[in-house]
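Participant: According to TrEMBL:
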{"type": "TRANSMEM", "residues": "99-123", "note": "transmembrane segment"}
{"type": "TRANSMEM", "residues": "143-162", "note": "transmembrane segment"}
{"type": "TRANSMEM", "residues": "169-187", "note": "transmembrane segment"}
{"type": "TRANSMEM", "residues": "199-219", "note": "transmembrane segment"}
{"type": "TRANSMEM", "residues": "231-253", "note": "transmembrane segment"}
{"type": "TRANSMEM", "residues": "279-297", "note": "transmembrane segment"}
{"type": "TRANSMEM", "residues": "304-322", "note": "transmembrane segment"}
{"type": "TRANSMEM", "residues": "334-354", "note": "transmembrane segment"}
Amino acid sequence: MTTSQVKLSAILNATSLTRSIRRQKRQHSPVLQVRCYAIGGAQHESIATEFEEICKEVPQKLGAFYRFCRPHTIFGTIIGITSVSLLPMRSLDDFTMKALWGFLEALSSALCMNIYVVGLNQLYDIQIDKVNKPSLPLASGEFSVATGAVLVLTSLIMSIAIGIRSKSAPLLCALFISFFLGSAYSVDAPLLRWKRNAFLAASCILFVRAVLVQLAFFAHMQQHVLKRPLAPTKSVVFATLFMCCFSSVIALFKDIPDIDGDRHFGVESLSVRLGPERVYWLCINILLTAYGAAILAGASSTNLCQMIITVFGHGLLAFALWQRAQHCDVENKAWITSFYMFIWKLFYAEYFLIPFVQ
């Protein structure tokens with residue numbers, strides 16, 4: 001056999017083999033196609049189901065994290081630090097990128113510390129919160145204890161890391177004092193768990209919200225960011241004194257809706273000792289007195305516009321408080337909780353008025 005004949009024979013054999021394979025594929029292709037479609041459909045359905053579950057789970061987890069952060073305290077921190085940070089600003093020239101960065105360092109570190117403090121309190125109050133605040137994620141079981149611990153520890157590390165990076169002595173001082181007082185308030189250990197004592201519990205909240213926020217963050221912007229001598233202004237002094245009254249009210253009032261769980265677990269809050277109605281009216285009277293003093297402080301201003309804003313603004317807030325306070329129902333937990341949130345709204349509103357007290 002010649003070379004050409006060999007090549008021709010090989011080509012014919014290859015062609016025959018290819019046709020045979022194609023015939024086999026055509027014979028089996030319907031079955032293979034059905035199987036492929038079945039497998040592909042099952043995988044597609046499984047992926048779609050997993051995607052739907054993720055779409056449902058993500059908003060739920062974000063909502064749980066939102067409640068874990070105790071948003072009314074977060075808003076208070078944002079508004080408070082923003083207001084206090086504006087007090088050292090004398091002109092538009094002070095609003096530089098450096099000032100903005102210094103403000104963001106202070107705000108972000110304070111927010112992380114806020115989450116640490118409220119999260120730590122929830123970790124140690126799971127059984128109490130099952131009675132007082134069953135919707136919180138740790139009490140309801142939406143978050144495990146391990147998840148809560150990771151969130152708390154991560155927030156603490158982030159807060160301190162931002163403070164160290166800023167190299168601001170006032171900011172670091174504020175963060176470490178907040179860490180100590182927040183831990184002492186909640187941690188169940190010898191000489192700690194200060195929330196069991198009405199005076200110590202109120203002192204923690206008062207010192208952080210009234211003194212530390214006003215003085216430390218003012219000093220951070222004035223001294224560290226703007227590089228000016230530390231000289232307290234009338235606004236800072238007023239804010240500190242006024243917020244001492246307001247923070248005392250928040251510390252006392254927060255225990256009124258929690259009286260059942262506190263009494264059951266032996267937390268001797270003032271509401272447990274004196275009764276919710278007496279504490280309620282004590283808080284109202286403290287706030288009305290503070291508003292009266294604020295009106296007098298505003299009336300002493302030499303700037304007519306600032307005087308009108310501070311006098312009218314505080315008068316309006318005092319009137320709104322008095323009107324709503326008349327319809328009290330301290331035995332109704334939903335109502336008293338709603339009124340507590342109303343007090344936080346008054347707290348937010350005050351920070352919009354503080355810069356006008358000059």
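Including glycine, each Cβ sits where the backbone N, Cα and C put it.
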Participant: Let me spell it out: take the transmembrane segment (169-187), skip the flanking residues so only those 6+ beyond its ends count, and list any with a Cβ under 8 Å from a Cβ in it.
Facilitator: 105-106, 109-110, 113, 116-117, 120-121, 123-125, 156, 159-160, 163, 193-195, 200-201, 204, 207-208, 212-213, 216-217, 219-220, 223-224
Participant: Residues of the same chain, at least six outside the transmembrane segment (143-162), with any C-beta under 8 angstroms of its C-beta?
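Facilitator: Distant contacts of the transmembrane segment (143-162): 64-65, 68, 105, 108-110, 112-113, 115-116, 119-120, 122-123, 126, 137, 175-176, 179.
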Participant: What residues in the same chain, six or more past the boundaries of the transmembrane segment (99-123), come closer than 8 Å to it by Cβ-Cβ distance?
Facilitator: 68-70, 73-74, 77-78, 81-82, 85, 89, 129, 136-139, 145, 148-149, 151-152, 155-156, 158-160, 162-163, 165-166, 168, 171, 174-175, 178-179, 182-183, 185-187, 195, 217, 220-221, 224-226
Participant: Hey, which bits of the same chain come close to the transmembrane segment (231-253), Cβ under 8 Å, at least six residues off its ends?
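Facilitator: Here the qualifying positions are 83-84, 87-88, 201-202, 204-206, 208-211, 213-215, 218, 222, 270-271, 279-280, 282-283, 286-287, 289-290, 293-294, 297, 339-340, 343-344, 346-347, 350, 354-355, 357-358.
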